[in-house]
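First comes the structure, then the notes that go with it.
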Amino acid sequence: MFRQINKFAKTNSEFLSLRPRYTQDVKELRGSVDMAIDWEATHGLLMQAPKLSHAISNADWVQTALVPAPVSLAPSPIPRAEFEKVVALQPVLNQLFDSIARDHDFLVSTLESLGTADEFTTRIFSMYMKQYVMKVEKPAVVGIHRSDYLIHAPANEPDASPQAKQVEFNTIASSFASLSAIVGDFHRFMLERTGFQGLLKEGQVEMNQLPENESLTSIGDGIAVGFELYGTPSAVVAMVIQPDERNVYDQRWIEERLWKRHNIRVVRLSFADILDQCSIREDNRLFAGDTEIAVAYYRAGYAPTDFPTEKEWEGRWLVEKSRAIPIPNLAYHLAGCKKIQQVLAQPGVVERFVSDEETARRVRECFVGLYPLDDSEEGQQAYEMALKSPANYVAKPQREGGGYNSYGEDIPKLLCGMSVEERRGYILMELIKAPGFDSMLLRNGQLVPAEVVSELGIYGIWVSDSKGDMVVNRHGGHLLRTKASNVHEGGVAAGFAVIDSPLLV
Ligand code: ADP
Ligand code: MG
């Protein structure tokens, strides 16, 4: 039995009726699975499996531990109008976050309201203050962002239209741009070769429902503009990585773009490597040996686990206090905090940064309810709401990387066990009701049928020069991550979600 996939879903009930429902036996899809895995291998849609403990070098373990990236076998429905809306909104958000990051007073007052309960954010904030006082000059500001959305389409509001609601705005280490674009190609290939036979109704999916995705090139191209503004052609880009990174090929594709298109070399360094190998020389320039580092693109540094010792902190500080351009800079990193997102939702705050009324309205249209949990009157009210109807909310600390939020009955347990001071470090967010639908997830060579929810991410690229004048402001393609609807969260890297692509309906 198949449901028909139509071309336009205007209401929640239409969208819900268009969701695929699979009854296919997994065994009958064996041919598609073989085809999919081989396609992944031949197109670099790969990740590394957890490192084997006995391995002593890459060459040792790579043969056994190179795995196809987790993907969905067919694309997942996203309302076309909402997709187009958030793509068009991305430059507005890039500009908004640049304005926030340049507003020192706003950053300070918002982050001070967190108190000191959150040690990690406090430490990033104090590094920012130290750098601010030193007035470190940087030749450019580069933002590689990703704004994440869930499609709010509750079944009990059948006539309302499905709406993309913002989950969060990521300013640091937004990953999967490269693999995401390749998954789009994978789904186009599967459409041509199999018509998604046994998955979606044959003949119902047209190529123009699978949007092109620029995310394979947009990040490398953005970094290259920053590199040029730095102005030293012989310098390199340092990709700052986690020592146990598994999502290596997603990063290598960016390296490939920088080299092939822009003739820029990339070196891979952890924060500890930076401390060991780098020094600041004349003109405040950062060198690794004799190689000058123009840009430090962080694919690490967003979580306390990235700083197990003082060494990693010192490595980061070396970059921040030098002339090298960090992506993101400390102000951008802080602007991506969940507290900033919550304060932005308060009356008049978006409007402080976005003067055009209609544009501010478009930004707010993507917000759901966001509340403080501090000792303010609003915070007290939110605390009571959360205890009364926890099923409608999610409580979030100032953390990135998945797995830290609390839902439903866990919220009262969490909040009641905390002091008011500790609660200041959290925000309360209204739950977005994204509909579940059927999907076939391909993970570690196994096909897993599951009811899933998809989260849409739109990449944003921002570059401005040393005067703060905008040089690049664009959307940079998209990512669809799909996970089983019975797990609240968990990223692709954490093993819960797969990389998917949108089927516009
Ligand atoms: P992180 O920085 O850890 O990625 P997020 O805010 O993105 O934090 O939350 C992690 C996950 O939790 C999201 O990917 C989404 O699946 C779920 N989630 C977060 N906020 C909401 C919300 N308001 N409604 C529904 N699900 C949410
Ligand atoms: Mg997230």
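For all residues, glycine too, the Cβ spot is worked out from N, Cα and C.
The Cβ of GLN251 (substrate binding site) has 20 other Cβ atoms within 10 Å, all protein chains considered. GLN251 (substrate binding site) falls within a helix when secondary structure is assigned with DSSP. What TrEMBL records for ARG146, 172-175, 245-247, GLN251, 299-302, ARG481, 492-493 is substrate binding site.
When Cβ atoms from all protein chains are considered, those within 10 Å of GLU168 (Mg(2+) binding site) total 18, not counting its own. According to TrEMBL, the feature Mg(2+) binding site maps to GLU168, ASN170, GLU400.
Taken from TrEMBL, the feature ATP binding site covers GLU168, LYS338, 396-405, TYR407, 429-432, GLU455, LYS483, GLU489.
The domain 'Glutathione synthase substrate-binding' annotation in TrEMBL covers 235-335. If you take every residue in the domain 'Glutathione synthase substrate-binding' (235-335) and average the pLDDT, you get 97.
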Near ligand 1, which of the binding-site residues GLU168, PRO397, GLU400, LEU431 are found, taking a Cβ distance under 6 A to any of its atoms?
GLU168, GLU400, LEU431
Can you check which residues sit near TYR302 (substrate binding site), meaning Cβ under 8 Å from its Cβ, same chain, 6 or more apart in sequence, and list them in order?
ILE172, ALA173, HIS333, GLU400, GLY401
If you take the centroid of the Cβ atoms of GLU168, ASN170, GLU400, the listed Mg(2+) site, which other residues of that chain have their Cβ within 8 Å of it?
ARG146, ASP148, PHE169, THR171, ILE172, SER174, TYR302, GLY336, LYS338
Three-state secondary structure, which DSSP defines for TYR302 (substrate binding site):
coil
DSSP residue counts for the domain 'Glutathione synthase substrate-binding' (235-335), split into helix, strand and coil:
46 helix, 28 strand, 27 coil
